[in-house]
Amino acid sequence: MASLATAEACDTNMSLLGTGDLRVLHPSFQIYGQCRSFSGPIVTVKVFEDNVFIRELLETRGEGRVLAIDGGGSMRCALVGGNLAQLAQNMGWAGIVVNGCIRDVEEINACDIGVRALASHPQKSNKKSTGEKQVPIYVGGTLIHPGEWLYADSDGILVSRTELSV
């Protein structure tokens, strides 16, 4: 998939920004992983300090999709670590955006995948199988629906109702 610069996408799609069909996430996400830019259709999951559903989704074929995780912005544990990032890479996911924390930063940075998260935290999450898959989530100041498109690079993260042309 061709790379799309988020700054250029904003400049050439001002009308979509005006209607809300293209949204910019708050600039609060840190960059991890080897892929500095990534994009793809969005799969959503809503969890709180529990990553069982995240693993279940990442165990499926990614096919260039992006997993958007609403972890409630929790800073008390990590939702994604090195093993899950490696799994995502192996299963063909383009990237992961975490409204929460990750851990195993060095392992994640060695993976050929794009990861954005609020911060890192050494403590692992719970394993209670609580949460919701493929539901609208509120992350980075915007509502994200499953099937929308996410574009991330060093300038920021965009969400679009439809795929943008390069």
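From the backbone N, Cα and C atoms, a Cβ is placed for every residue, glycine too.
Remember, TrEMBL labels are computer predictions, not curated facts.
Under the heading substrate binding site, TrEMBL lists G81, G82, N83, L84, R103. Of all Cβ atoms in the protein chains displayed, 20 besides its own lie within 10 Å of the Cβ of G81 (substrate binding site).
Feature annotation from TrEMBL assigns Mg(2+) binding site to D104. Listed in sequence order, A78, G81, G82, N83, A85 are the same-chain residues six or more apart from D104 (Mg(2+) binding site) with CB atoms under 8 A from its CB.
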Fewest other C-beta atoms within 10 angstroms, as judged across G82, R103, which are the binding-site residues: G82
Additional residues around substrate, ordered along the sequence, whose Cβ is within 8 Å of the centroid of G81, G82, N83, L84, R103: A78, V80, A85, Q86, I102, D104, E107, I108
Long-range Cβ environment of L84 (substrate binding site), under 8 Å and at least 6 residues apart: N51, I54, R55, L58
